[in-house]
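Below is one structure, written out as structure tokens, with a few remarks after it.
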Amino acid sequence: MASPPAHRSSKAADEELPKASSTFHPSLWGSFFLTYQPPTAPQRANMKERAEVLRERVRKVLKGSTTDQLPETVNLILTLQRLGLGYYYENEIDKLLHQIYSNSDYNEKDLNLVSQRFYLLRKNGYDVPSDVFLNFKTEEGGFACAAADTRSLLSLYNAAYLRKHGEEVLDEAISSTRLRLQDLLGRLLPESPFAKEVSSSLRTPLFRRVGILEARNYIPIYEKEATRNEAVLELAKLNFNLQQLDFCEELKHCSAWWNEMIAKSKLTFVRDRIVEEYFWMNGACCDPPYSLSRIILTKITGLITIIDDMFDTHGTTEDCMKFAEAFGRWDESAIHLLPEYMKDFYILMLETFQSFEDALGPEKSYRVLYLKQAMERLVELYSKEIKWRDQDYVATMSEHLQVSAESIGANALTCSAYAGMGDMSITKETFEWALSFPQFIRTFGSFVRLSNDVVSTKREQTKDHSPSTVHCYMKEHGTTMDDACEKIKELIEDSWKDMLEQSLALKGLPKVVPQLVFDFSRTTDNMYRDRDALTSSEALKEMIQLLFVEPIPE
């Protein structure tokens, strides 16, 4: 939840809608996705048939890979994962990863291989040691890498971002290689594939990129590589285009739901960002089986946006407290507690949750109960933040994050995603673990909160608001806003290390659980790096076009 404004006393009658004080720009997409027309059934069937043939051709290549050809095997797995194809070969990849981890008989003097092996294993949950990079340290403190060996330099840079606290060799690798890559970039042809890879890595290290966006951007780069596998390339293009069809149908459904929600509730003051919210959630759950997760996530994010804007900008304290009381009842009879302008929204919200139960069916509808609990907790915390606001209370950073790391919606998002997954490894125990707000999810929540605050605080100077984490740090440590923002950026960087350490220590949970949290972190980083792209969504327009509007030429 963004920082709320100072308290305004309520003198309006229940029937009056609070006046909008925001200047949110209108949707950039209007009814664009509502008019989407899918290809004919025969066209789609033909695409799926071709994709299945190609998947089996690639599977044969993967099954023929061994650790005896370690560089080729590691590179193939990395390529498949970057192209968004890893999902189809999870069993084969898991088997190869175990062999790669168990086999220590490889050339430890090959910096590119060492870096790619380290990256691949840590990314996939293996806690391999970083001291293997000590072999490449020079007396001057740099890393031994021939000037012409640019690929190894880039691999080392990307591998080093899978670092934990105290791994000085990886901290030094980032500092050293970044300078060399920046210098190298100035000497490369700007349109060359390798220049694009270097530029992308300097902006966003490979581990932190949104998977579906990386696939879309990497396909044309891979197409120009001399060592490309034609079957892999053709499959990557076809697979992306098939996914895009699914995404557009889901966007059409979510857009129709949103338009009905706003039209019937008459809450026209809220941010109209359903396309951007789908884009955001898609980045966390892009694999083919997770269609229902994407839909539930998008609708939950839309509901949170409405509630956030009511609490944040438009609702009086009295009205918001009435809403909080009614919220936990989950019953139409509670509308008598609400001011008139909230009643239709409340009913529509109940209908939305009922639709989740219907979609999940009798065996999995229990999951919605956990999702409701997560939302109840969210609204409870919004109410606490309003009380802080009204008291002009400035918490310490630690106290603020105890509340705001949770009120940012981390539990609601993770439970929404788990709820829609067909994977039967997601059990009641998974939800109970998530709702206990364990340290791993708390760290993720802190990451989202800090990422949001560091880009929104200056914008919120234009209106009354309660303190963000930036203001809390400024008061607690007596610093300027710029200094506080720099410190919070350091804390954000530390959060990546914390999440990696905590994920490697998780036991007894489905593999998708930590993967999902990292995917949420990646897509959140994309939303909040340098700007609040949800509120000012022009920054996302090109990315949305790439994912949902422009198919890849085959």
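Every residue gets a Cβ built from N, Cα and C, even glycine.
Some features that Swiss-Prot has for this protein:
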BINDING   ASP308, ASP312  Mg(2+) 1 binding site
BINDING   ASP308, ASP312, ARG449, ASN452  substrate binding site
BINDING   ASP308, ASP312  Mg(2+) 2 binding site
MOTIF     308-312  motif 'DDXXD motif'
REGION    407-411  region 'Determine the stereoselectivity of the enzyme'
BINDING   ASN452, SER456, GLU460  Mg(2+) 3 binding site
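When every Cα pair among ASP308, ASP312, ARG449, ASN452 is compared, the largest distance found for this substrate site is 15 Å. You'll find the Cα of ASP308 (Mg(2+) 1 binding site) roughly 14 Å from the Cα of ASN452 (substrate binding site). With a 10 A radius on its CB, SER456 (Mg(2+) 3 binding site) counts 21 other CB atoms from all the protein chains. In this structure the alpha carbons, written CA, of ASN452 (substrate binding site) and ASP312 (Mg(2+) 1 binding site) are 15 Å apart. Residues in the motif 'DDXXD motif' (308-312) partition by DSSP class (helix H, G, I; strand E, B; coil) as 5 helix, 0 strand, 0 coil. Counting every protein chain shown, the number of other Cβ atoms lying within 10 Å of the Cβ of ASN452 (substrate binding site) is 23.
In this structure the alpha carbons, written CA, of ASP312 (Mg(2+) 1 binding site) and SER456 (Mg(2+) 3 binding site) are 13 Å apart. In this structure, the C-alpha atom of SER456 (Mg(2+) 3 binding site) lies 11 angstrom from that of ARG449 (substrate binding site).
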